[in-house]
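Colleague: My questions all concern the structure below.
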Amino acid sequence: KNQTAINEFILLGFSYRLQVQFLLYLVFLVTYMVTITENAIIIFVVKRNHHLQKPMYYFLGNLSFLEIWYVSVTLPRLLFGFWSQSITISFSSCMTQLYFFISLMCTECVLLAVMAYDRYLAVCHPLRYPAIMTHKLCFQLSILSWAGGFSISLVKVSFISRLTFCGPQVINHFFCDISPVLNLSCTDMSLAETVDFVLALVILLIPLLIIVFSYCCILSTILCMPSAQGRRKAFSTCTSHFTVVIIFFSATLFMYARPRRIHPFNLNKIVSVFYAVFTPALNPLIYCLRNKEVKEILRKVI
């Protein structure tokens with residue numbers, strides 16, 4: 001009670017020598033520009049080409065739109081921080097950044113599960129697929145993904161924002177993430193920790209169970225196909241999504257599906273760079289390089 005509450009934080013970022021910071025600045029700047037360009041091209045191609053007016057590409061367009069905002073929540077402030085000794089962020093700005101980052105992450109969890117369900121219907125029920133996966137259902141599933149992600153994040157951040165934060169005001173991270181912010185609280189944070197941990201398990205494990213169930217059914221159906229060509233064609237439609245799922249969930253489960261009392265180390269910062277910076281740049285490449293239809297249309301457009 002005798003401590004004074006703080007209303008701004010200092011983001012430590014990457015405290016290295018000037019030469020290393022300049023190299024990191026170039027790497028992150030190029031990654032940011034590439035990510036925006038890649039995902040914008042995918043949105044443009046999916047929107048303008050009638051051959052791609054299919055549920056799979058509709059959800060891919062949603063994912064690309066999400067990735068643009070995903071990197072824009074953290075990277076611009078990080079790039080600005082390389083040009084100053086320390087970068088301060090107000091409490092309200094920190095909570096806003098935290099809310100949108102977690103919202104987009106939760107939305108991507110649900111959206112990847114929706115895409116797995118789409119692939120399940122396409123492979124396991126090909127004759128009923130057009131009748132089930134209508135434009136109306138695609139729109140409803142995308143709205144469910146966005147509304148679910150932003151709603152869960154609102155509950156998580158509302159509990160965190162009620163905490164009192166005292167000195168030291170330094171966040172050992174390059175953006176306001178849950179664990180480093182919670183470690184600065186000087187009041188009882190057991191309730192906020194519990195709510196955050198339970199909701200993290202819900203938003204991660206339920207979509208992951210849907211994905212695992214979908215791919216078990218897909219694998220069973222593919223193995224029962226009589227022709228090798230049919231098996232290869234069915235398997236090729238799922239490999240891109242499955243690769244993205246493995247990359248995304250392996251990092252997020254490591255970071256968020258564990259108790260918050262574990263103090264952040266530099267390893268956490270490195271993992272955060274992987275899923276918050278490089279993964280959005282890799283996803284469009286994975287989908288395009290593994291998809292002959294998208295590659296052919298991109299070649300024609302170029």
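Note: Cβ is positioned from N, Cα and C throughout, glycine not excepted.
Take a look at what TrEMBL says about it:
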- 38-287: domain 'G-protein coupled receptors family 1 profile' (DOMAIN)
- 22-45: transmembrane segment (TRANSMEM)
- 57-78: transmembrane segment (TRANSMEM)
- 98-117: transmembrane segment (TRANSMEM)
- 137-155: transmembrane segment (TRANSMEM)
- 197-222: transmembrane segment (TRANSMEM)
- 234-257: transmembrane segment (TRANSMEM)
- 269-289: transmembrane segment (TRANSMEM)
Colleague: Sort out the residues at least 6 away from either end of the transmembrane segment (269-289), same chain, that have Cβ-Cβ distances under 8 Å to it, and list them.
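Modeller: Non-local partners: 14, 28, 31-32, 34-35, 38-39, 41-42, 60, 63-64, 67-68, 70-71, 74-75, 101, 172-175, 177, 240-241, 243-244, 247-248, 251-252, 254-255, 295, 298.
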Colleague: List, by number or range, the same-chain residues at least 6 past the transmembrane segment (22-45) whose CB is under 8 A from its CB atoms?
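Modeller: For the transmembrane segment (22-45), the nonlocal Cβ contacts are 14, 16, 52, 60-61, 64-65, 67-68, 71-72, 75-76, 78-79, 82-83, 277-278, 280-281, 284-285, 287-288, 294, 297-298, 301.
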Colleague: Across the whole of the domain 'G-protein coupled receptors family 1 profile' (38-287), what does the mean pLDDT come to? Round it, please.
Modeller: 85
Colleague: At a C-beta cut-off of under 8 Å, are there same-chain residues at least 6 beyond the transmembrane segment (234-257) that contact it? List them, or none.
Modeller: 56, 105, 108-109, 112, 115-116, 119, 122-123, 178-179, 200-201, 204-205, 208, 211, 215, 218, 221-222, 225, 268, 271-272, 274-275, 279, 282-283, 286-287, 290-292
